[in-house]
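Asker: Handing you a structure now.
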Amino acid sequence: MIERSHHDLRKVFGELLQGDTCKFAASVFDPISVRMAYDLGFDVAIQGGSVASLQVLGAPDIALLTLDEYVEQVSRVGRASQIPIIGDADHGFGNALNVMRTVTELQKAGVAALTLEDTHLPAKYDEQSHVLIEREEAAAKIYAARFARSDDALSIIARTNVAVTTLDDSIARTAAYQKAGADAICLVGVKDFQHLEALTAHLRVPIMLINYGNPALSNVEKLSAANVRIVVNGHAPYLSAIKATYEALREQSGTEGSELSLPELLSKYTLSDSYREWAKTFLKSEHDSN
């Protein structure tokens, strides 16, 4: 097997973005899984931040993972990969200056592209979930990311959640991110092709979708025609690994009784109930200080 350099893989990813076909990204989490993805014919892969949080912390995806922890995880994947890796840069781990550091570190880790989202993370005191930062600040992060990359082949992908704001706001946001120089726009929460058309008619850059297997957005020909070049259908491989690990350990231990479903496993072993209680206690103004 001839190894390709990180720069070469970034060029390959850029060619995917500029091509005319939609590709489904493999959700990978370690060297073996990315080698499997390559062997099975995937052209691109992603190391999800939520998956890294499960791996490293055994915690829900609530912005507990640090930049160093994520970089260490994605570096392992990057060293073994023969296909481009998309890194999940979350919110850039802070403001625009933090974004610059994030880009530098993820570039060294070998990612071919990174997504940078406009969600306010972590949640502030007494703040509802899924709050978006001002689009001017988000656009400044895109400018900063472009400034910080030393390899122009590294793709900067601006990500936004269209399900938590209005159509007009989503259009204004993506237009601003395109103007700021994003190489692609990543959309979360698109309902169907009609919604997709309304959201992207003004865009010239390629589209990436995170749709978690939405059947209304499964037609590859229509996705390709809509300028969608990358689709992420969730992170089933690692979730399946969690389920398989539990079942193997359960069999080895000889434990009897009812088997836990995957949602039950995730809730129990990521301490979800505890984190919810801690959030109610420490992130809400109504908590009792006595």
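Residue positions begin at 1 at the first shown residue.
Placement of Cβ uses the backbone N, Cα and C atoms for every residue, glycine included.
According to Swiss-Prot, the feature substrate binding site maps to S50, R159, H235. Feature annotation from Swiss-Prot assigns Mg(2+) binding site to D88.
Give me the lay of the land around each of these features.
Answerer: Within 10 Å of the Cβ of S50 (substrate binding site) there are 19 other Cβ atoms, across all protein chains.
With a cut-off of 8 Å between CB atoms and residues at least 6 apart in sequence, the same chain places I46, Q47, G48, G49, S50, A52, Y70, L114, T115 near D88 (Mg(2+) binding site), listed in sequence order. DSSP assigns D88 (Mg(2+) binding site) to a strand.
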Asker: Taking the Cβ of R159 (substrate binding site) as the centre, how many other Cβ atoms fall within a 10 Å radius?
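Answerer: The answer is 24.
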Asker: Substrate site residues S50, R159, H235: biggest Cα-Cα distance, Å?
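Answerer: With S50, R159, H235 as the binding residues for substrate, the largest Cα distance is 17 Å.
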Asker: Taking 8 Å from the centroid of the Cβ atoms of S50, R159, H235 as the cut-off, which other residues in that chain fall inside it around the substrate site?
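Answerer: So the extra residues in range turn out to be I46, G48, G49, V51, D61, D88, I210, V232.
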